[in-house]
């Protein structure tokens, strides 16, 4: 590790800290329905969309109606995206002549982008046409991100309201998020990326002749606009197979910094939105502090492991850290930082190959996802994920002091705890069961490139990434097979919707409750004691569930590497 590396990490953290409050202030006004500087521009369009859809901003929904609207909208998006893939060969804006996508891969991709996972069992430049990238994948990047933020806002309303029957309107929340938050920021980011050299064109691929006289096809396309939303919306799916390691997606250190900041920006701002909506900004800062502590710990371990490198390479007299699978324009520090950011959020974009990280370096992204990506998390998804842990933490605190658990004046009772635990436990259910089957199924084992514990880690990482709606991968697993396409697709759907429904149920239950005034015995939830308790619950409840699997995978691999054994 170097001083320069830590300075870059601290600069990133400082920028996120500076952006959290102003972004939170703006987003709070958007979802409150207050006037914003963009209201004269998007206001008429917003009202027109409501008239077309037959809804009104004054019409609110019970949590069940909110959930039904959300599920129907996502089902429609899934079917449209699947159809676009199957009909690709007959559709325009296909200069490379791409054919129809295989049915199993089309199912996997549709599930991937609808759930904000963006797991890719294909190379974008060799499989998807310009039309599919724009009208299919990029559109889902917007609406899946807006869906996640809408759920977070609905859950916050559950804590903020008292004796209410509704938690907002899904159509209104999603429309406002898209028009006032995602779209304006993405327009600005797209222009910045084009200025930095990222392509944005509908022209055909370019054929070039190299210095050796060989022919090479250079893939182009509407890249900048997709990169903007894939990072801001924590989608992560790359236009190119190499994702953010490709120079056309992430050309230099400036674009890399912007992309890292945009991955965390909205997720961090939601903590401030929470504080404003419940009337106590200290509550939001306490949540952000717990996220920040876990994040810094993850960055420190990952950076240390990658900077220390491989002892087997050190024995050869080479001591430069682990640069395998990393871009020289980013180096070890920014590669490790990006890896932790992209897995702390449910982004999944990569600027280095996680499969080439050391055993401990690769374990940190894995743990981030297994914790439910509650360290800032995806736009909306991470925040409603950490609120599930907050419900459990408050319940534990209540048990310790012998009082009925309360949070923000709302009594946390059996229903809320059961729903929170259901949301928390559905992730290991999807991650571990599919992994267990895959490592004993011959057709699934055949896709594993490496033996021993690293091969197991590749499979575990795949299903962990799917259920956590992350989308990053250990590249040694060949996932484009019927087994992996279907089971990973199912895992993505489970990880998304089996968390959403309990979260909305908690929102509806809390919104209907009366607010209880704080008393001398009320456990304070805006101080360092609560931050420590929340971190402890996340690590114990979320982390220990996966310890046996981690012991079989990266931990054994690390111990074997120390003793000179590789896989």
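Heads up, the Cβ atoms here are built off N, Cα and C, so glycines get one too.
Remember, predicted model here, so these are calculated numbers, not experimental data.
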Which one of 486-506, 507-527 shows up in Swiss-Prot as transmembrane segment?
486-506
Look up transmembrane segment in Swiss-Prot and report which of 94-114, 115-135, 136-156 it refers to.
136-156
Can you tell me which recorded stretch out of 136-156, 357-376, 486-506 has the most Cβ pairs within less than 8 Å of the transmembrane segment (254-274)?
136-156
Under a Cβ pair cut-off of under 8 Å, which of the recorded stretches 64-84, 179-199, 285-305, 421-441, 529-549 contacts the transmembrane segment (486-506) most often?
421-441
Taking 5-25, 64-84, 136-156, 285-305, 529-549 as candidates, which has the most Cβ pairs under 8 Å with the transmembrane segment (330-350)?
285-305
Look over the recorded stretches 64-84, 285-305, 529-549 and say which has the most C-beta pairs under 8 A to the transmembrane segment (5-25).
285-305
Take the transmembrane segment (64-84) and find every residue of the same chain, 6 or more past its ends, with a Cβ under 8 Å from one of its Cβ atoms.
91, 106-107, 109-111, 113-114, 131-132, 135-137, 139-140, 143-144, 147, 150-151, 154, 167-171, 174, 497, 500-501, 504, 508
